[in-house]
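Each remark here refers to the structure printed beneath this line.
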Amino acid sequence: MGHHNRHYYGDPHCDAGVFGVPTSKANFCEEDYAFTLYLAEFVNTVTNLAYVYLALRYPRKPGTRGGTLGMDGLSLALFVLGLNSALFHATMHQATQFCDEVSMLLLAGALLNAVYEIDQTPEARNLVRAAIGGVLGVVSFLYIRSSDILFHVYAFNAMIFLVGCRTLYLIYGRGKYTRDQQCALIGQMLRSIVILVASYSLWQVDLEYCAELRGMRAALGLPLAWLLELHGWWHIGTAWELPEHAKRRGMDHIWRLHTGGSIATGAWG
């Protein structure tokens, strides 16, 4: 079950926070303003720093070293997602929910662009970017206008599916790699998939068994109770594995084998 059909309202401190009563359609199992009156969902906010950290840590455009300038598209999308998702969980307002979920689409679009740019002419790359940007614009407009989360869910899942299909083609469809190289790349891809599925499963447990988890958190007390804020593990898992798959374990190897360069050292941005 997705967060479009699970809501947890009416927490004891929900009207005491500095951002006011939550107005977002999505409201998670973490109790609002339970730890501090300055953040609606403390753990779900803080774990978004994983996106920001990895965005700043990851490779930049060719010729840049360190700092935040020269971010490539994927790192920038990850950074924007981290900020907007943290803002959403800190405030739990509908406007910031839109920012969070449109940022998720932006990250999926950046992943899609990264894998479909390979082996394309400059003109084709521009067409790919324009097509992805156009689709993202239309879907985001429809989602915000209708407030129907299913626009977001279907679009995000479709883009991730296309990323997987393109990755398989790059590995198997071009005849460029030995069997051992293909097995290594598929192993890395499967590792990412397993961690992403596990992270998503923890999120679903957080939704479906909220009462039980809240009871366990109360029994454990802080700080151990924070380990059972399972939506936060979704943030950490996706923050690590989406860019890892695209840059380190997947496309970095593909690009290095193909050109002798490396995404990790700035040969592709």
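Cβ coordinates come from backbone N, Cα and C, glycine included.
Residues HIS231, HIS235 are given by TrEMBL as Zn(2+) binders; from HIS89, HIS93, that same site also lists HIS89. Looking at 68-89, 200-221, the range annotated in TrEMBL as transmembrane segment turns out to be 68-89.
Between the transmembrane segment (35-56) and the stretches 68-89, 127-144, 150-172, it is 68-89 that has the most C-beta pairs under 8 angstroms. HIS89 (Zn(2+) binding site) falls within a helical segment according to DSSP. Here GLU30 (Ca(2+) binding site) comes close to GLU41, PHE42, VAL43, ASN44, GLU229, HIS231, GLY232: these same-chain residues lie at least six apart in sequence, with C-beta atoms under 8 angstroms from its C-beta. Compute the center of the Cβ atoms of HIS89, HIS231, HIS235, which mark the site for Zn(2+); besides them, the chain residues with Cβ within 8 Å of that center are PHE28, GLU30, GLU41, VAL43, ASN44, THR45, THR47, ASN48, SER85, GLU229, GLY232, TRP234. Around the Cβ of HIS89 (Zn(2+) binding site), 29 further Cβ atoms fall within 10 Å across all displayed protein chains.
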